[in-house]
Amino acid sequence: MQRRGLNSGNGSLLYSDEERRRRDASPWTLVQGILAPLQFLVFLVSLALVLRYVATGDGYALATASVVVKTIVLYAIMITGSVWEKEVFGRYLFAPAFFWEDVFSMLVLALHTAYLVALAVGIGSPLELMALALAAYATYVVNAGQFVLKLRAARRESAMGAPLPAAGVVE
């Protein structure tokens, strides 16, 4: 019996047996496992630098560079994550099992990209740019939380071998 993803509307497993096999065999699974904590570390450093600038007015160049680096890492994880999703689920984005995470990821990307565009064309004061970066970071935190909950559900599913409801996901 072919089981479908968790968000497919039937309350079944996150991964079918074949999807789990493809996930476990994919080199992109390891890439995601490396990039996700790296991105979080870059985020924490950048957040500290941005908040320092907002609080003191010092370190604008360093804060700006950190937001650019964070955005580059975000693009890297989004591109490789899309390739991973294609290998595992047969589509680059919006596979039923990760639909809502992908939807929210689009907002995260949009805000980070808006920051880069505003920076490049000189729209906004330094403080306004940092506010935009903080808005992007807030969406990133929500999105990262979505993925952490999904990872925990997948681990429980693997350990128990039983269907689990989507943690924090509304259908």
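Note: Cβ is positioned from N, Cα and C throughout, glycine not excepted.
Owing to the predicted nature of the structure, the values given are computational and were not obtained by experimental measurement.
Taken from TrEMBL, the feature transmembrane segment applies to 30-54, 60-83, 103-123, 129-149.
Within its own chain, the transmembrane segment (30-54) is flanked in space by residues 60, 62-63, 66-67, 69-70, 73-74, 76-77, 80-81, 84, 126-127, 130, 133-134, 137, 140, 144, 147, which lie at least six positions past its ends and keep a Cβ under 8 Å from the stretch.
When Cβ-Cβ distances below 8 Å are used as the criterion, the transmembrane segment (103-123) is approached by residues 64, 67-68, 70-71, 74-75, 78, 94, 129, 132-133, 135-136, 139-140, 142-143, 146 of the same chain, each at least six residues removed from its ends.
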